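J.: Let me begin by handing over the structure; questions about it come next.
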């Protein structure tokens, strides 16, 4: 309810009246101070707006003071409307505050300005006053509670005790308020016992147990006490609530105490705490650290540190297991201990390898692809031309139209919708520029220009700029690889299950991400760049160095020139969504998270879908749709899609598989050569061009990275032809390895 106090009707009062109607607030208007006071005492308005612009009518400050003398105004918001002065210095608001006004409003009769002011008041001061008003009922409950309740600050200064506490302990409330707990000797074993309790509550956990308290008259009483930390502003512990009751004779033998995970809640924030040490902390095993001043300060500092933590899902799992251990037989408890040790490792998703001697190829691949390298001890430095000039639209020749593609190139792309499409034939026909031509055809098939609202010439310019920034000197990571990944992505997008799952914006993002996912790749791994101290590694803090660079550079190249900016006509929010998906998919190609992505896909998508089929719900479209269409699962599917497209070479027809194997091996050989020249750590020693067995390296890569991932992807997308190629290629590499051949092909 709103009360308007204006001596005369004018545009300002009409503006507030209109605003009240629009906001759905009940509104009363008073013309004199007396009628205003009477109306307020009758209606108890939430907001009062008083006109302070014309002192000849009434004294606004005197009226405000009169209203504030009434008990009903305790939770009322009072606004003062003042004149707008443009020719003199801003006046102080303190006199208005002293009179009892909540805030001032500089006259502005605009209806929307009045409406905005009311809405801000509703969600600001008025809402806060509602909460304060509700506190009266809470304090009534505390006052009538039969349990003794004590509330202290974060520094253990007593701020409230209820009548039951006064009765139990023999103190009057005035003797306790603003006193530190250490000034009130209510525990016989205070020094070390408080240390035990603090070790629990100061890391955000509830403590419950028995202890002997000392009353004011010196008598000792045994209490059952629960102490709860309460989280406040800044996510820190701001109060402790202690709830006590006298023990009866039946439970005096229970001298144990325990830590319980707290889930206390304030008005604005739910408190969820994480124990950063070994699972949940048992007070029974905590030793005393003494009670001197330095110990108190250390505990206070640790409390601040621990109160800032939050609970992650893995911590919840650990806490559940810890709780289960308490009541489990010894064999089960020991098994849970082993499970906890595994959960506390950082590499939860990476299979653990045996010794390096068992499979040096796998170990080297893991070291080269799934780590950020060893820190280099020499003074050498590898500079990835971070200052080089990247190709831009203006520096490139005018691209040809999709309708003017030469016949040989058109013929090479005839079966681009099939998995057996030969990218190397297109590479030869385009003189190592397959990305522009294949991109034009695939993007046209998926209607990308229509979605982005860009012209075909802009798309052609963009494709040419992106392709120009792939390094043709790289044997593997060049624009042919990008075109190959684009082709695989388009093929996967055409599968029925994938089409059921993804939206048009997801398809657009996937095709763009595939196109740019390795742009400006230097032909060296992340481990190499980190070991060499490259500028990119320094820029991206040795974390997902290349993937971060690919994503960032792609948007830099796209947006710096309108001629190739395919996003320039998009609506802002849609562009931000598209950009986020593209970045997420490009970053998903980083191999350090390989097993995390695969395991999440299997557990969140493969297994629920399999369960639906086993339960006879194969035809239940709604159940399947629920699994497929959740935002979290769509993210996992998009990540899995681009990951499979990125390393699908072993699932290609044999000749293509062999060609790709030769190209990646040559790139790794060149890296090993350079590492030795520069005195850097050799991250993949088996890739020595003089000794490496390519069949063994391929079998290791397939066994470690490919089989499980494509089994999962095939179960989802139904790709029998890919799995057949994969099995044939495994047989081929095993045949060469069985003959102890280290080369790509058997001798004639």
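Even glycines carry a Cβ here, placed using N, Cα and C.
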J.: Kindly point out the range from 264-305, 348-389, 390-431 that TrEMBL annotates with region 'Disordered'.
T.: 264-305
J.: Have a look at the recorded positions (477, 517) and report the one with the fewest Cβ neighbours inside 10 Å.
T.: 477
J.: Other than 481, 517, 518, 646, which residues of the chain come within 8 Å of the Zn(2+) 1 site, judged by Cβ distance to the Cβ centroid of those residues?
T.: 477, 482, 485, 514, 521, 589
J.: Specify the count of other C-beta atoms within 10 Å of the C-beta of residue 481 (Zn(2+) 1 binding site).
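T.: A 10 Å sphere around the Cβ of residue 481 (Zn(2+) 1 binding site) contains 24 other Cβ atoms.
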J.: Within 10 Å of the Cβ of residue 518 (Zn(2+) 1 binding site), how many other Cβ atoms are there?
T.: 24
